[in-house]
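Engineer: One structure is given below, represented as C-alpha cells, and several questions about it will come after.
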C-alpha cells in the first residue's frame, strides 16, 4: 500500500534486479576468483557484506510485491509476467554466484571446491526449472517454501559475515562439518525429497483433475530436453576440458552457465 499507484510493476521488478546485479559486480571487484574470503579475509570491506544483505532483502521484497502492484493498478499482462520470470531466471544464478564469495574457493584448508560450486548452482537452477516446468503443464506457478527460506538464509549469511567476519565460515559448525557443508546437504535434501516430489505430485493431481495444459506425455516432457542437453554438455566440458576451465576461470564459467540457462528456460514461461 505504500507504493504509489503511478509506479509501474515492471519498475519494481527491474529495480530489484538492478540491486542484485550491482551487488554481484561489487563482489566481482573485490573477489574475482572467489579466494578473498579464504586467503585474504579482510579484503572485502564489511560494508560490502552489509550492502549484500540490504540488496538481497530489497530485491526479494520487490520481487514479492510487483505482482500485487500489477493487480492493484490493473496492469497485469503476459508481457509483465514474462519480464518478471525472465529476470528471475537471471537472478537465480546471480544470488548463488554472489554467495560463493562468502564461503570462498577451496584453498586446501577452508572453502568449497569449484566442482561443489558447479553442483550447488546446478541444483538451484534445477529447482527453478522444476517450478516453471510445473507451470508449463498445470498453468499454476507454485513456489515452494524453500524459495523464501533461501532468501532468508542469504540475508542472514551476509549479516553474519558482516558482523563476525568471514572467519565464521572457516570453523567447524557441527561434528566436523562446516556451515557450507550443512547448507549443501540441506539443499540436496530439499531438492530430492521436497521440491521435485512436490512438482511431480502437483502435475499428477492436475492430471487426475483433467486440467493439464498439454494433452500428451511428449508435450509435457518436451521443455526438459533443452535444459538436460545443456547441462550434459556443460558437465562434459567441465570433466573433459584440457585446460580445466572451471578451475581456471570459475566466475566466468559459472556466469556462462547462468546466462545460457536463463536463455533456454525462459522459453517455458512464454
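Each residue, glycine too, has its Cβ placed from N, Cα and C.
It should be emphasised that the depicted structure is a prediction, and the values quoted were computed from it without experimental measurement.
According to TrEMBL, the protein has these features:
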- 12-32: transmembrane segment (TRANSMEM)
- 44-62: transmembrane segment (TRANSMEM)
- 112-129: transmembrane segment (TRANSMEM)
- 149-170: transmembrane segment (TRANSMEM)
- 182-201: transmembrane segment (TRANSMEM)
- 221-240: transmembrane segment (TRANSMEM)
- 252-269: transmembrane segment (TRANSMEM)
Engineer: Do the transmembrane segment (112-129) and the transmembrane segment (12-32) come close, with at least three CB pairs under 8 A (pairs 6 or more apart in sequence)?
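Structural biologist: Judged by the Cβ rule, the two regions do not touch, with the required three close pairs absent.
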Engineer: Considering only Cβ pairs under 8 Å, which range in 12-32, 149-170, 182-201, 221-240 makes the most contacts with the transmembrane segment (252-269)?
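Structural biologist: Ranking 12-32, 149-170, 182-201, 221-240 by Cβ pairs under 8 Å to the transmembrane segment (252-269) puts 221-240 first.
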Engineer: Do any residues, 6 or more residues outside the transmembrane segment (149-170), come within under 8 Å Cβ-to-Cβ of it, and if so which ones?
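Structural biologist: Apart from its flanks, the transmembrane segment (149-170) reaches 37-38, 41-42, 44, 46-47, 49-50, 52-53, 56-57, 60, 95, 99, 102-104, 109-110, 124, 178-180, 183.
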Engineer: Are there residues at least six beyond either end of the transmembrane segment (44-62) with Cβ under 8 Å to its Cβ atoms? List them, or say none.
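Structural biologist: Residues packing against the transmembrane segment (44-62) from afar: 12-13, 15-17, 19-20, 22-23, 26-27, 30-31, 36-37, 91, 95, 98, 101-102, 151, 154-155, 158-159, 161-162, 165-166.
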